[in-house]
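Now, the feature entries from TrEMBL:
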- A:12-35: transmembrane segment (TRANSMEM)
- A:41-60: transmembrane segment (TRANSMEM)
- A:72-92: transmembrane segment (TRANSMEM)
- A:98-116: transmembrane segment (TRANSMEM)
- A:128-146: transmembrane segment (TRANSMEM)
- A:152-172: transmembrane segment (TRANSMEM)
- A:179-197: transmembrane segment (TRANSMEM)
- A:239-257: transmembrane segment (TRANSMEM)
- A:288-311: transmembrane segment (TRANSMEM)
- A:317-350: transmembrane segment (TRANSMEM)
- A:362-381: transmembrane segment (TRANSMEM)
Amino acid sequence: MSTTLTQTANRTGLPASLVVTVTEIAAAALLLAFLAAESTVMVVALLALMGAIFAGLQLWPQLEEVIVRAFHDARALATALALIIILIYPFFLGNNTYALHLLIVALIYSTLALALNFQLGSVNIPNFATGATYGIGAYTSALLAINFGWSFWATLPAAAITATVFGFLLGIPSMRTRDSYLALVTIAFGIVIQQLLNNLSWTGGANGLVGIPAPSLFGHSFMSPIEIAGRKLPPQANFYYLSAALLGLAILSAKRLHESRVGLAWNAIRADELAAKCQGINVVWYKILAFGVDAFLAAFAGTIYAFYISYISPDNFTFLVSVTIMTMVIVGGMDNTLGVILGAFLLTMLPEKLRVFSDYRLLFVSVVVILFLILRPKGLFPQRQRHYGEK
Amino acid sequence: MDSLFLQYLLNWLVLGSIYTLVAIGFSLLFGLLNVIHFSHGDVSMIAPFVALGSLQFLLGITSSTVGIGPILLVLALAILVTGVIGIAADRLVISRFRQAPAMMALVATVALGTVVRELIRGFYPQGSNPKAFPSIVEGFVTLNSLRLPALPVLIIATTVLVIVLMAALMQKTPIGMRIRAVAEDAATARLMGITPSRIFAFTFFLASAVGALGALFFASYAGVVRFDFGVQLGLIGFSAAVIGGLGSMTGAVLGSLAIAGIETLVQANMADGASYRLVFCFLLVIFMLCVRPSGLLGKPVFEKV
């Protein structure tokens, strides 16, 4: 396998660094064009272009192999270039705060989708409660900040720990139930949490929580614009960098976990739970662990969301939010980090960019999701084979 | 005290009946296909809209009050149309996931539910507004010395009749035998000269039609209908079916009565009952599944090695 890969890469005669640079810059430019596109014609044209690129990758699988191989060979360059692109990206958006807002939401949803992927993708646990753990994180941090004056940075771990405890609690029934029954337990948990947020007085009830203070770092308030070399970035840019850092953390943990014994155990349980048990894998512990990891990351995302919007209400954490996140994972590609992020970006931006259809966009998106599930059941990017040994 | 108790009892049985009618569909389809038809609630909710639309059409023609005959016709039409839409939902979407992992079908039917809701909201005249739904029957019935409102009695009686008919259909008729045969093993049933696709179509029709009846009763009992009522009705019906044990009709009835029971108890005894109703319903679901993971009457699943 590895020799044939090297040969294909060599046959094209392109140096890995060039392939990496071109791919990353092209992807960034495409995203930029999509974010900036305002007319329907432009949006549709860009969607068609994306479709064409995807069809190309489908027709010539070697192309995908070349790119994957190049990223593998020139990993340092790929990481460095990606970091630079992420850092300078807001400068290209100028004062288009709407585009920046979309980007932040997409980054937060990507993190949530990656969190869910630990369960749905890696272990095949149907968890419909991501919206609830996300909400627990957001509410914990917001309540601590408003009532006790905790700073953003202090609420972050507090929210993560609270949500993880709830995640473990939710994981307990997974010892006894499975499949449809487990799915219902998570649905029920999500609805109970959402209804409690909606009805309890100390969570602000249906009105939610208002006036969550903006975080600050080394004396720099996140409400104030960033100034670098005479250029001013809108205040949202603070949160853009913050959510990008969170997604980076999520990607890193996804990668580390996937390559560790834990990831292997998760995949073994997905393949055949009984066989995994016979191999001495502690199935219950690894399942509960998946719930915990999901909740931990989702709480981070919730905290950032709460401080970014500065207003949260139970409507942000409904059953439909959980379903949306689940759809992102399935449309993007289970257990494939890039696929999941792509799915999250697409499903965050599509409804926003289809405002022309205003009243019918939810209808349109749902139809697209169904078509996706029928035509491409493994997602945009299906999971890849694991590689062992050679670097 | 007596009349209040009677009031709660009636309320419990009516809610239990409505949930049963929805839950039976989930159980029937899960027993046959191993698929959770998550849009079942939304598909069922089409019925009240069809009924309202055709009622308004009739009123437009006759421009006077409508008698009991036409009302029955309207209800029958609504049930029929919903049943056919159930078949269409299977043909267009659900049938594509027969071989796929259960999760795929689950997410696809959740999306399908959104499609149904959005179609009603977008294309039914003023679909996003709540609409008044008339009571199917007015007045009271007198049993011995008891004077009971007619609508709850009608709902409970009809549901009992539907359950009896369904049980007879499944156990005593050739079509029921075929359904059970396909549920047992579709491939072998085919060898015996049964066409599974026809059985699937019939079952989807039956499940959706019974669900439509539940939705019509729900709208009539609440006096109002909205495009998104199907979500909650579907979720509760699904929970009832799961608590009872998916695939078992008696289980669906027991699960529905359990959920309706806790709902009535909470509303009767808690100050803020109405707002915490769903919390207790779904806590019951979690508790039941932790205690009896395969539902009250569900068969425990043994794994083959």
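Glycine too: its Cβ is placed from the backbone N, Cα and C atoms.
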Can we call the transmembrane segment (A:179-197) and the transmembrane segment (A:98-116) in contact, meaning three or more C-beta pairs below 8 angstroms at a sequence separation of 6+?
no
As a test: from A:12-35, A:98-116, A:128-146, A:288-311, pick the stretch that has the greatest number of Cβ pairs under 8 Å with the transmembrane segment (A:72-92).
A:12-35
Cβ pairs under 8 Å only, please: of the recorded stretches A:41-60, A:128-146, A:152-172, A:317-350, which one is richest in them relative to the transmembrane segment (A:12-35)?
A:41-60
Output the single range from A:41-60, A:98-116, A:152-172, A:288-311 maximising the number of Cβ pairs under 8 Å to the transmembrane segment (A:239-257).
A:98-116
With contact taken as 3 or more Cβ pairs under 8 angstroms (pairs 6 or more apart in sequence), are the transmembrane segment (A:288-311) and the transmembrane segment (A:128-146) in contact?
yes
Give residue numbers and ranges for long-range contacts of the transmembrane segment (A:41-60): same chain, 6 or more residues beyond its ends, CB-CB under 8 A.
30, 33-34, 353-354, 380
